[in-house]
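Per TrEMBL, the features are as follows:
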type     : residues                           : note
BINDING  : ARG25, GLU83, LYS126, LYS484       : (6S)-5-formyl-5,6,7,8-tetrahydrofolate binding site
BINDING  : 232-237, 251-257, 276-279, 343-346 : GTP binding site
BINDING  : SER236, THR257                     : Mg(2+) binding site
COMPBIAS : 349-358                            : compositional bias 'Low complexity'
Amino acid sequence: MLSRHQDPIAAIATAPGRGAVGIVRVSSPQDLSALVTAVCGRPLKPREATYLPFRSAQGEAIDHGLALLFPAPHSYTGEHVLELQAHGGPVVLQLLLARCLEADPALRIRLAEPGEFTRRAFLNGKLDLAQAEAVADLIDASTEAAARSAGRALAGALSGEVGQLRDALIQLRMLVEATLDFPEEEIDFLQQADALGKLRRLLERLDALLDRSRQGAILREGIKVVLAGQPNVGKSSLLNALAGAELAIVTPIPGTTRDKLSQTIQIEGVPLHISDTAGLRDTDDEVERIGVARSWDAIREADVVLFLHDLTRMGQADYEREDAEIRSRLSGVEPARILQVYNKADASAPSEAGAAAPTSVDAPRDNSTGATAATGAPTTTDVLRLSAKTGAGLDVLRQRLLQQVGWHAVPEGLFIARERHVQALRRTREHVDLALQQAAQEPAALDLMAEELRLAHDALGEITGAFTADDLLGEIFSRFCIGK
Ligand SMILES: Nc1nc2c(c(=O)[nH]1)N(C=O)[C@@H](CNc1ccc(C(=O)N[C@@H](CCC(=O)O)C(=O)O)cc1)CN2
Ligand SMILES: Nc1nc2c(ncn2[C@@H]2O[C@H](COP(=O)(O)OP(=O)(O)OP(=O)(O)O)[C@@H](O)[C@H]2O)c(=O)[nH]1
Ligand SMILES: [Mg+2]
């Protein structure tokens, strides 16, 4: 009984819709020559593009295009791969795909699931798991920086770093195991001081890789920012100013925005998913009430909440009461995720604004002072003064947003990474740290140390897929597009 991972598969590999060229692709562990003869009318030279008619079952030309055969194992998937490069119309590609499915009944070709070609490339050792993920991330990249970083990960940047750390771990494991296995030997394979030094160096290297992976993950995931506050404080104006386009309706009428409006922009290549929301207030208007409920949902899901205030109304009793009300309801949100933003600075003199409206950003800029590990930034005293109308203060806001999620420019080429990779590195680090603690005992608890190093090795191996459960693979590849 063959597993479904050995079925011949076919799919349209190019994006749905019309395009200059479209590709139908077949991958099969079994020989494709009968299929090739049926569809292309002749055998194909390996890896050579041939212009010819693609034949229907009746022998008519469905289209004229380029046919390419990659005999196993020298193909994207490592299996036999046939590519039909046709004209990129949805109907012609569907016809061609249907033709491939039936052209050689003995093959029993089926439609490919999302990511199945790349899954096979992984299973056949053409790519490791981190590289396969980079394929998807390259396709999904929403900024140039993200695309370039995904390209580096695909080329093996993350895998290479992980591989070096794994080699160091293996070396150390061998020394520890040897010392355990031959306790009577004259020479110690591993001196305690030596072990401590090696473990400390390993931790340093893990920390460096963790930092770069975290940056890579930010580049991939982006930052979810929500604009929140009372009606009329300028949330929609700020969205438009950040996006550089008139996306949201702006009027002097409180309650203008009723529905959430989201847009992805970028700051230094970091994708920023920014949402404008309905102004927070109690209202009898049914539609607006639903909008306000959605605002609160968005606030709960945000990485960063920009809590907007209107400098021209500060000190007014009604306004202050409403703001206090919102503030108390925001107490359920981690304070570190909230940034206070004072808008309409152009229309208010700093002196009028009073003590509550600071004149400059007094946020600590240094991450090391009381920074939280999760976000890299302290925030209780954080305030930003700006004008959505004139654009004053927007640059400071942009920098503050990057700082909020712990983004800093990485000197060498950055590679894209996923939260999954960051978590695996964290677990690796924890086990190496525990190994260090065991090694520091007097005498060193070698057996416990060996066990921690084994666990560290396993955790590290999850990144490239050396030790990865089948269901995780299913999860990862199901997120690809069909035909990839
Ligand atoms: N037309 C077309 N373009 C494409 C792809 C494709 O499958 N078809 N790709 C994918 O979707 C990407 C390219 N990926 C590929 C990766 C490996 C091989 C390949 O033939 N590998 C062989 C030989 C390598 C060599 O000659 O150095 C091998 O690994 O043995 C082909 C494409 C992007 N562009
Ligand atoms: N002077 C000045 N006016 C501003 C500024 N930002 C917004 N406004 C004005 O304030 C009013 C409300 O702006 P919006 O952006 O619609 O406010 P909002 O917070 O989205 O309001 P709702 O959608 O009702 O919740 C408009 O008349 C804007 O022109 C600013 O920085 N300076
Ligand atoms: Mg609005």
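Glycine is no exception: its Cβ is also placed from the backbone N, Cα and C atoms.
Please treat TrEMBL annotations as automatic predictions, because they have not gone through curation.
Positions of TrEMBL features highlighted on the structure.
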residue: GLU83; record: (6S)-5-formyl-5,6,7,8-tetrahydrofolate binding site; contacts (Cβ under 8 Å, 6+ apart): ALA13, ILE23, VAL24, ARG25, VAL26, LEU66, ALA67, LEU68, LEU69, PHE70
residue: LYS126; record: (6S)-5-formyl-5,6,7,8-tetrahydrofolate binding site; contacts (Cβ under 8 Å, 6+ apart): TYR76, THR77, GLY78
residue: ASN232; record: GTP binding site; contacts (Cβ under 8 Å, 6+ apart): PRO252, ILE253, PRO254, THR256, GLY279, ASP310
residue: LYS235; record: GTP binding site; contacts (Cβ under 8 Å, 6+ apart): LEU227, ALA228, GLY229, THR257, ASP276, THR277, GLY279, LEU308
residue: SER236; record: Mg(2+) binding site; contacts (Cβ under 8 Å, 6+ apart): LEU227, ALA248, ILE249, VAL250, THR256, THR257, LEU261, ASP276
residue: THR251; record: GTP binding site; contacts (Cβ under 8 Å, 6+ apart): none
residue: ALA278; record: GTP binding site; contacts (Cβ under 8 Å, 6+ apart): PRO231, GLY255, THR257, ARG258, ASP259, LYS260, GLU288, GLY291, VAL292, ARG294, SER295
residue: LYS344; record: GTP binding site; contacts (Cβ under 8 Å, 6+ apart): VAL233, GLY234, ASP310, LEU311, THR312, SER387, ALA388, LYS389
residue: LYS484; record: (6S)-5-formyl-5,6,7,8-tetrahydrofolate binding site; contacts (Cβ under 8 Å, 6+ apart): ALA13, PRO114, GLY115, PHE117, THR118, VAL135, ALA136, ILE139
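Residues listed for (6S)-5-formyl-5,6,7,8-tetrahydrofolate, ARG25, GLU83, LYS126, LYS484, cover a largest CA to CA span of 18 Å. Selection of the binding-site residues GLU83, ASN232, LYS235, THR257, LYS344 by a Cβ distance under 6 Å from ligand 3 yields, in sequence order, LYS235, THR257. Report note: the (6S)-5-formyl-5,6,7,8-tetrahydrofolate site is defined by ARG25, GLU83, LYS126, LYS484, and the residues of the same chain whose CB lies within 8 Å of the CB centroid of those residues, excluding them, are ALA13, SER27, SER75, TYR76, THR77, VAL81, PHE117, THR118, ALA121, GLY483. DSSP assigns LYS235 (GTP binding site) to a helix in the three-state reduction. Listed binding-site residues: ARG25, GLU83, SER236, PRO254, LYS484. Those with a CB atom under 6 Å from ligand 2: SER236, PRO254. THR257 (GTP binding site) is surrounded by 24 other CB atoms, counting those within 10 A of its CB over all protein chains shown.
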